[in-house]
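S.K.: Would you mind keeping the following structure in view while I ask a few things?
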Amino acid sequence: MKTDTPSLETPQAARLRRRQLIRQLLERDKTPLAILFMAAVVGTLVGLAAVAFDKGVAWLQNQRMGALVHTADNYPLLLTVAFLCSAVLAMFGYFLVRKYAPEAGGSGIPEIEGALEDQRPVRWWRVLPVKFFGGLGTLGGGMVLGREGPTVQIGGNIGRMVLDVFRLKGDEARHTLLATGAAAGLAAAFNAPLAGILFIIEEMRPQFRYTLISIKAVFIGVIMSTIMYRIFNHEVALIDVGKLSDAPLNTLWLYLILGIIFGIFGPIFNKWVLGMQDLLHRVHGGNITKWVLMGGAIGGLCGLLGFVAPATSGGGFNLIPIATAGNFSMGMLVFIFVARVITTLLCFSSGAPGGIFAPMLALGTVLGTAFGMVAVELFPQYHLEAGTFAIAGMGALLAASIRAPLTGIILVLEMTDNYQLILPMIITGLGATLLAQFTGGKPLYSAILARTLAKQEAEQLARSKAASARENT
C-alpha cells in the first residue's frame with residue numbers, strides 16, 4: 001500500500017494545481033465593474049466636451065468671418081478687422097493660460113504623459129475651463145493649431161475629475177481613467193476610435209500600464225466618446241478626399257523615398273520647434289503682459305494670412321482635400337509649405353493652447369503632394385496619382401516627429417477612408433520612423449516633457465534654497 005500512495009497522490013496533486021491555476025487566471029480577468037462603468041462615464045463626458053469644443057471653434061470662426069464680410073468694401077478696414085479679431089481672441093487664450101493654468105499651454109499631451117508617470121500634477125478644476133475656453137480663443141482666431149491637443153488634455157483631466165468625484169481609490173484606477181480620457185479625447189477629435197486606442201498603446205507606451213483592466217477601460221471610453229461625436233456630427237470620414245487608386249507594386253519604392261524625405265525632415269522640424277520655444281521665451285522673458293501681447297501679434301498675423309492666403313492659416317483640415325485633389329501648382333505648394341512651417345512653429349512654440357497633430361497632417365499632405373507631382377512628371381509610365389502620395393505623407397511626418405507610425409497610419413486611414421493605401425502608408429511611415437531614429441532625433445512630446453520636468457525641478461530647487469535662506473536668517 002505504501003508503494004501505491006505516491007502514484008495515487010501525484011494525479012490528485014496535478015489536478016489541484018490545474019484547478020488552482022485556472023482559478024488564478026479567472027480571478028486575474030475579473031475587472032472591477034466600477035472602473036469599467038467609470039470608463040464609460042469618462043468616455044461619454046469627453047465625447048460631449050470634444051463636440052462642444054469643435055462646435056465652439058466653428059462658431060467663433062464663422063463669427064470672425066462674418067465680421068470681415070461687413071467690412072468688405074473698405075480694404076484697409078478689412079485688414080485691420082482681420083488682424084484685430086484674431087489678435088483679441090488669441091490674447092484671450094494666452095491670458096487665461098498664463099494667468100490661471102500654465103500647464104494648460106501648448107499641446108497638453110506631454111502633461112498627460114507626465115501625469116501617467118506620476119511626475120506632473122493633474123489640477124482638473126483649473127485646467128478644464130482654461131484649456132477649453134483658451135483653446136476656443138486660439139483656434140477660433142485661426143491660429144495654426146490642432147484641436148487634438150486640447151481634447152486629449154481635457155479628456156485626461158476629465159478622467160481624473162471622475163476619479164475624484166466618485167472617490168475611487170488606488171493607483172490602478174487613477175492611471176486607468178487618466179489614460180482612458182486621453183484616448184477618448186483623441187478619438188473624438190478625429191472621429192478615429194482605433195487611432196485613439198493605438199495612440200495610448202504606442203505614443204504613451206513608456207507611461208501606459210498595459211493590463212486587462214486598463215485596456216478594457218480604454219476600449220470602452222473610446223467607444224463612448226466616438227458614439228457621442230457621431231451622434232452630433234456624422235458617420236462619414238472626417239476628411240473627404242474621395243476614393244484614390246491603389247499603388248501598383250512596382251511603384252512602392254517611391255513611397256520608401258518619400259519616407260526617407262520625411263525621416264530627414266521630422267527631426268529637423270522637432271529641433272526647430274524646441275529652438276523656437278527658446279527664442280520666443282527670450283522675447284517675453286516670462287512676463288505675462290509681454291507674453292499676451294506676443295500671442296496677440298502671432299494671432300493677428302494668422303488672421304491676416306487667413307484673409308490673404310487662407311491655405312496658410314488654421315488647423316489645415318480645409319487645405320488637405322484641396323491639396324490632395326491637385327488644385328495647387330508646384331510653386332504654390334512650396335509657398336504653402338514654407339508659410340505653414342513658419343506659422344506652425346510660431347503658434348505651437350509660443351505656448352498657445354492647441355495641438356500640433358492637425359498642422360503636421362497638413363504639412364505632410366502638402367509635401368507628399370509636391371513629391372507626387374514630381375514623380376508623375378518623372379515616371380509617366382507608372383500612371384501615378386499625386387493624391388496617393390499626399391495620403392501617404394499625411395501620417396509620415398507624425399511618424400517621424402512623435403515616433404508613432406501605427407497611430408499616424410491608422411489615423412489617416414480612418415480620417416480619409418482610403419484603406420486600400422495601407423501598404424504604401426506602412427512603407428512611408430516605417431521608412432520615416434527608422435531614419436528619424438537612426439539619425440538620433442528625439443520624439444517631440446518626450447523632448448517637451450523632459451524640458452517641463454527640468455524646469456519643474458529647477459523651480460523646486462530654487463524654492464528649497466529660498467526656504468533654507470529664510471530659515472538661516
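Counting starts with 1 at the first residue shown.
Glycine is treated like the rest: Cβ placed from N, Cα and C.
Per Swiss-Prot, the feature intramembrane segment maps to 109-116, 177-189, 193-201, 387-401, 405-416, 417-421; the stated evidence is sequence analysis. Among the features that Swiss-Prot reports, motif 'Selectivity filter part_1' is placed at 106-110. Per Swiss-Prot, motif 'Selectivity filter part_2' is recorded for 146-150, and the stated evidence type is sequence analysis. The motif 'Selectivity filter part_3' annotation in Swiss-Prot covers 355-359. The topological domain 'Periplasmic' annotation in Swiss-Prot covers 70-76, 233-252, 310-329, 377-386 and rests on sequence analysis. Marked as transmembrane segment by Swiss-Prot: 33-69, 77-100, 124-141, 148-166, 215-232, 253-281, 288-309, 330-349, 355-376, 422-438.
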S.K.: With a Cβ cut-off under 8 Å, give me the same-chain residues at least six positions beyond the ends of the topological domain 'Periplasmic' (70-76) that come close to it.
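M.R.: Long-range Cβ neighbours of the topological domain 'Periplasmic' (70-76): none found.
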S.K.: Can you break down the motif 'Selectivity filter part_3' (355-359) into helix, strand and coil residue counts using DSSP?
M.R.: 3 helix, 1 strand, 1 coil
S.K.: State, in range form, which of 387-401, 405-416, 417-421 has the highest count of Cβ pairs under 8 Å to the intramembrane segment (193-201).
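M.R.: Between the candidates 387-401, 405-416, 417-421, the best contact partner of the intramembrane segment (193-201) is 405-416.
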S.K.: Using a cut-off of under 8 Å between C-beta atoms, tell me which stretch among 124-141, 215-232, 330-349, 355-376, 422-438 contacts the transmembrane segment (33-69) the most.
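M.R.: Per the Cβ under 8 Å count, 215-232.
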S.K.: Suppose I define contact as three or more CB-CB distances under 8 A, residues 6 or more apart in sequence; do the transmembrane segment (253-281) and the transmembrane segment (124-141) meet it?
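M.R.: Since fewer than 3 Cβ pairs under 8 Å link them, the transmembrane segment (253-281) and the transmembrane segment (124-141) do not come into contact.
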S.K.: With DSSP as the reference, give the number of residues of the motif 'Selectivity filter part_1' (106-110) in helix, strand and coil.
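M.R.: Output for the motif 'Selectivity filter part_1' (106-110) reads 2 helix, 0 strand, 3 coil.
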S.K.: For the transmembrane segment (355-376), name the stretch out of 124-141, 148-166, 215-232, 330-349, 422-438 with the most CB-CB pairs under 8 Å.
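M.R.: It is 330-349 that shares the most Cβ pairs under 8 Å with the transmembrane segment (355-376).
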S.K.: Calculate the per-residue pLDDT averaged over the topological domain 'Periplasmic' (377-386) and state the result as an integer.
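M.R.: Across the residues of the topological domain 'Periplasmic' (377-386) the model's pLDDT averages 93 on the 0 to 100 scale.
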